Amino acid sequence: MDRHNTDKSPQNTRDINRDLEKRLGASGQPQVRLGESASAFSATEHFDGLAGALVEGSAKVDYSKPYAILGGAGTGKTSLLIAAARDFLLQGGSASEIMLFAPSKEAATAVRASLYERVAGEGDYAASGTFVRSVHSWAFAFYRSVQALRGKKPPRLITGAEHDMQIREILRGTAQDGNRYWPDNVVPALDYAGFAQQLRDLLLRATERGLSAADLRELGVAHDRPMWEGAGHFLEEYQQVQRLSRTESLNASELLHATLGAFECPEGAQVVEQQRERVKLLLVDDAHNLDPASARLIQSFIAPGTRTLIAGDPDQCVFHFRGADEAFLDSYSQDPDHRVVLSASYRLTPPAAQSVNAVRRHLSAQPSRVVLRSAGAGETVGAAVAESMRADSVQVTIAPTETAERLKIVDVVRRAHVEDSVAWDDIAVIVRGTGSIARVRRSLMAYGVPVKVDPTSVVLAEQPLVRMLLLAAEASYRDLTVAEMSDLLEGSVGGADPVMVRRVHRAVALAIRSAQLAGQALRQHDNGAPFQAADYVTELLNRPEAPENQWVTSHCGPREQEVLQRVSTVLEAGRKALAGQQSVEMVLWKIWQATKLDMHLRAQALKGGSLGAQADADLDAVMSLFDIVGDFAERNPQAKVKSFIDNIRAQQVPTGGRDQRGVRAGAVEILPAHAAAGRQWKVAVVAGVQEGQWPTGPTVGGLFGQLELVDLLDRNIDPSVPVSRINDAIEEERRLFLLAISRATDTVHVTSVQNSGDEALVPSRFIAEMEVEPTELAATGDIEEASSQPPATSTTGALPRVLAIESLLAELRDAVTDENRPGHERRAAARNLAKMARAGVHGAAPEDWWGMAQPSSEERVLSGGKIRISPSKLESWNTCALRTFLESNGGVSESTEPMRVGIFIHAIAEQIVQGMELGEAQLAVKEILPHVLDGPGWKDTHTVQRWEGGVEKLHKFITGYRDQGFDLETERTLRAQVGQTEDGIEVTLSGRADLLVTNPEDGLTQVIDFKTGKKAVSEKAAEESSQLRAYQFLLTLTERPGGDGHKYQPGGAALVYPGTEGKRIAKPQAELTEEKLGDTHDMLMDIAPVTAGPTYLATINEECTNCAFTSICPAQPEGKQVV
């Protein structure tokens, strides 16, 4: 959007608002937009001289040898190849006469789209097949043709994840069946994923260089390398296993060598010769990343007289760890007569080109390297504009903490989108490795930035939605565990949050207690531990039709039932499909349909924003899953669901899925630096450029010595000769950094952290090599010093501001409410908040702030127009009125274990009064109490043992009164009017006495209250107990049973603690005198207004550490925001 646009017409205003809405956040309704594939290569490059002649196919050019096209980032190497193909087609050439080798399938897709875009408007064009392919795609096509001529079945190309899985399966078999060829000291490691990964790397490097299993064994023997010898034996066994399959399965390296081997047979030689005669234009892109086998494949089709252009840049070779070698490119770039060097970058700005040149100067000398210049740095650019470009297009930020660095990244991304109208998908965050992706992703999504993660950075089976679908599929043939079922309930399938899951468990716990009271037999684990609520939920969902499981949901409400039914429907869909003997693909499809997530995710993805980007990623993952299961079912039509689940779970190497959309997702991409090769964005943030991470330490040959093998084969260096790899490693890391900072067409931001401490972080040496003055964010401790004197370098606040509505609101509201701020700052903040409130921004108006809303009611809290007081709550009202009010009015809905134990012990006491024997009481403790407890097994066992002794004390205490002929009453409800408040509200005291003991000789009644705590109160505390005093007072107002009108005569009270370790369990309170009864009445009338509110005082006390309401308590730091 042009900031200087002064057109105020309604249409222009609508356009501006629509554009601003799009950039600030997604609109309410999803919009479907059909768009063309975005081309990564512009058509603005112009080629002249020898480059132009090669593009046009001039007859004056000598085509007896291939031409090397060299150039730095953005100089148009790929565009030159595209232009050459375009001109060839427009001059009447046939698509079948062109071969274009791209470095990867993604690069081939981008080149193909760009080429079609340029040809589309130039007349009619048609082709029976594509001539733009990756090297492996060309190899597969030719190998399949040769195999067809030889009458053999077509081969199958396996992914890296499948190759890794097959290697680990054979290693696992070796470990189980007995070692046959590995050194004894590594046998314990055969099951390790790292062992399989290093073995796979060694086999790939050996295969790329044409080594057979026998060759590898011989090298191991000759150079005393037992791991090479063992790997040779393994390779032979692996190949034997592959030959047992019905289809020839090849990994990428095997494919190339199988193709080269096939070219040597008569049928293969015929195919090669026909292709050499047919091809008139052969193009190779990014030749610096070709491995030796790929180079040999391409050389098979290079013939004298064929126009051959080989493009590359040795400074961008960053895949040596995959076997890449610049030798192929170098072999053709030595001849200056057949070399074209492009120096003008159409991607880089002048400052970016200067930084790239500065870093390149630290690389080893290349005879063909020239200084890179920006194609936009013409002489007409004014000094002011050039200085502006220098200041803005390359920025380096040094942050004091990793948090500050991530906030700076977020701010850069959001400002590029909001201020500069850069689309989300034109922004990338490049990190050194996949381990840094998660932290950056969380920070961006927290501020509403839609994010897309490179698919090759995530294992498909670990993607959350895919993991849920696989779990649901597993439920079709086995029972899920409690943890797995909880994952389903809280994941995309169940759609419940942890709070809802707890509600489900609480409802099931109520059903369990009801079943206990009804005498129903409850289930136990094999170790004797009783089933808990989560166990019953799992059992119900594993066997929903079983009659014995139906009672589990008897206390579930509609919302709890809905959650359980949603998961049950999905699981049942899989079970029915499997019972119907449907294929693996159909079982997964039925499960996916039952989730009903397709329409929801589609609508979410179309809305955009961070949630839309996540939904987009979920849908991509599901499509990749069905791609894989479709291929699996086609190869193994009789395979079981379990076989597929085991297969995909065993694939621990990330593999990119098929890109079937053709357009880029509207999200910021976070990707490792290697994945950025050959790509570009308008804005690129290169994050985490730390010493020790970028560059990393030198890679060693590992357990298998793969680098030593490569040195032996490529450079004839004996493995016993020590070789320093530090310089080579630093060179590789520098080239990778060079690649990362040269991906942006507009601006590139480099971020790092510098601090001191036990784990000090230091910016990478590569930052200094850029020759850009960094901006340092001040550390927290340096803010005052930085503000009192001019800083030597540019500094800002400890945490950078993020251009996001949430952080802006927080800062403005803090300024308004801070009494220590200057008046003009507070007024300015208030004016800005008022503007935002008028614009409808939630949180700007004071009524949206916590603590600013008026009370919903100022009425007293009464029960039936009366104030009701319970003796058991008196002490807690005095301790903390707020907590007591919340607990008494539904604040604690979840029954805790102590509460359930208390209910159980009171029930036992009631039964003892009615005649239960000691043995029966202790048996009830053993059989029923374990179902009440929900702690770990050892703790529950200790609790049961404690209460076996406690019930014995309780039984002795109660039967002692009964044996003396005392009258016993249990659970006696006592209720009486105490008086009226000053404003005429009646005050009622009511409670339920656990036990009333009346002496028939003197008629005095003692109140007994049972306590189930582990620790008894002191004698003094019992004597002063407000609860016991209230009960004694209440006796004086309550008629005795029998209807003679006589009231109870209090004879004292006692708190009884049967669960304590001491023998004396009763803590008595003496009979109240008339004076104390009067004091008790006054106490009750004083506390009555406190219980009725409408305000309740929060008081700090020793019980605050056990309070469930600290998050809303104004007396606690966590709850101050409530006021």
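Placement of Cβ uses the backbone N, Cα and C atoms for every residue, glycine included.
Source: prediction; values computed, not measured.
Listed features, source TrEMBL:
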- Gly71, Gly72, Ala73, Gly74, Thr75, Gly76, Lys77, Thr78: ATP binding site (BINDING)
- 50-349: domain 'UvrD-like helicase ATP-binding' (DOMAIN)
- 350-678: domain 'UvrD-like helicase C-terminal' (DOMAIN)
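Shown on the structure are the features that TrEMBL records.
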residue: Gly71; record: ATP binding site; Cβ within 10 Å: 25
residue: Gly72; record: ATP binding site; Cβ within 10 Å: 27
residue: Ala73; record: ATP binding site; Cβ within 10 Å: 23
residue: Gly74; record: ATP binding site; Cβ within 10 Å: 28
residue: Thr75; record: ATP binding site; Cβ within 10 Å: 26
residue: Gly76; record: ATP binding site; Cβ within 10 Å: 25
residue: Lys77; record: ATP binding site; Cβ within 10 Å: 25
residue: Thr78; record: ATP binding site; Cβ within 10 Å: 26
For the recorded ATP site, whose residues are Gly71, Gly72, Ala73, Gly74, Thr75, Gly76, Lys77, Thr78, find every other residue on that chain with a C-beta no more than 8 angstroms from the centre of their C-beta atoms, and list them by sequence position.
Ser79, Asp313, Leu342, Ser345, Tyr346, Arg347
